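*Asks:* The structure that follows is given in the form of C-alpha cells.
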C-alpha cells in the first residue's frame with residue numbers, strides 16, 4: 001500500500017459552538033452533508049480525523065453536539081440512538097464510528113485509507129473488528145478501579161505485536177490507514193489516564209507503540225482534532241469516575 005498523502009491544511013479550523021438543549025436543529029436533509037460530533041468524544045474523533053485527512057472540510061459540515069446538555073431534537077429528528085458520531089448524507093443518517101470511517105473512505109474523494117493488498121486488507125479487517133474489545137480491555141479496569149489485569153496487558157501487547165507485522169512504516173499496515181484511526185483516539189486517552197492515575201506508562205517495553213504515537217502526532221489531520229490532555233483527564237475523572 002503506497003503512503004496516503006493528506007491534502008495540505010492551513011491548521012485548525014474554526015469550530016462551531018456545540019449545540020445544547022436550547023438550540024434549534026439545522027435544516028435537515030437540505031442536501032448538506034453533516035457530521036454530528038462531540039469535540040471530546042473518542043468515537044466521534046475517528047470520523048473527524050478521516051474527514052480532515054481526506055480534505056473534506058468543505059464537503060462535510062461539522063455540527064458539534066453538547067453531550068452534557070444534549071438537545072432533544074438530536075435524538076428525535078437526527079439519530080434515534082442519540083449517540084455521536086452520526087453522518088447525514090444523501091438523505092440518510094448513519095452512525096457507529098467504525099462503520100462511518102469505512103463509509104467516508106469509500107464514498108468520498110481523497111486518499112484511500114484501506115489497502116488493495118489482500119494480506120493487509122485481511123489484517124485491517126481483523127484489527128478493526130478487535131477495536132471495541134481493545135477499548136473495553138483498557139477502560140474496564142479504570143472504571144471499576146480494579147488492578148491492572150492480565151487482559152489489559154495482553155491487549156496492549158497485542159497491538160504492540162500488530163505494529164511489527166509490516167516493516168514499511170510505523171503504522172499498523174505500515175502506512176497510515178483506517179486501522180490507525182480506529183485505535184489512535186483510544187490510545188491517546190489511555191496513555192493519559194494510565195500515566196496520571198495508575199502511574200503506568202503504556203509505552204514502556206513497547207517500542208512499536210512508542211514509535212506509533214510519535215509518528216501519528218506528525219499527522220495534522222489527527223492533531224487538529226486533539227484536546228488538551230489535562231482537559232481529557234478532568235473529563236474522565238468527572239464523568240467516568242476513574243480517579
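Note: Cβ is positioned from N, Cα and C throughout, glycine not excepted.
Okay, these came from Swiss-Prot:
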- 31-112: domain 'GST N-terminal' (DOMAIN)
- 70, 84, 96, 97: glutathione binding site (BINDING)
- 117-240: domain 'GST C-terminal' (DOMAIN)
*Asks:* Might you list, by sequence position, any residue in that chain lying six or more from residue 70 (glutathione binding site) with a Cβ less than 8 Å away from its Cβ?
*Replies:* 20, 21, 82
*Asks:* Cβ distance under 8 Å to residue 84 (glutathione binding site), same chain, sequence separation 6 or more: which residues?
*Replies:* 36, 37, 38, 41, 43, 44, 65, 67, 95
*Asks:* Max Cα distance spanning 70, 84, 96, 97 (glutathione binders), Å?
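*Replies:* Greatest Cα-Cα span of the listed binding residues: 19 Å.
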*Asks:* Counting other Cβ atoms within 10 Å, pick out the least crowded of the binding-site residues 96, 97.
*Replies:* 96
*Asks:* Under a three-state reading of DSSP, tell me whether residue 97 (glutathione binding site) is helix, strand or coil.
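*Replies:* Going by the DSSP assignment, residue 97 (glutathione binding site) falls within a helical segment, counted as helix.
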*Asks:* How does the model score the domain 'GST C-terminal' (117-240) in terms of mean pLDDT?
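*Replies:* So the average pLDDT across the domain 'GST C-terminal' (117-240) works out to 96.
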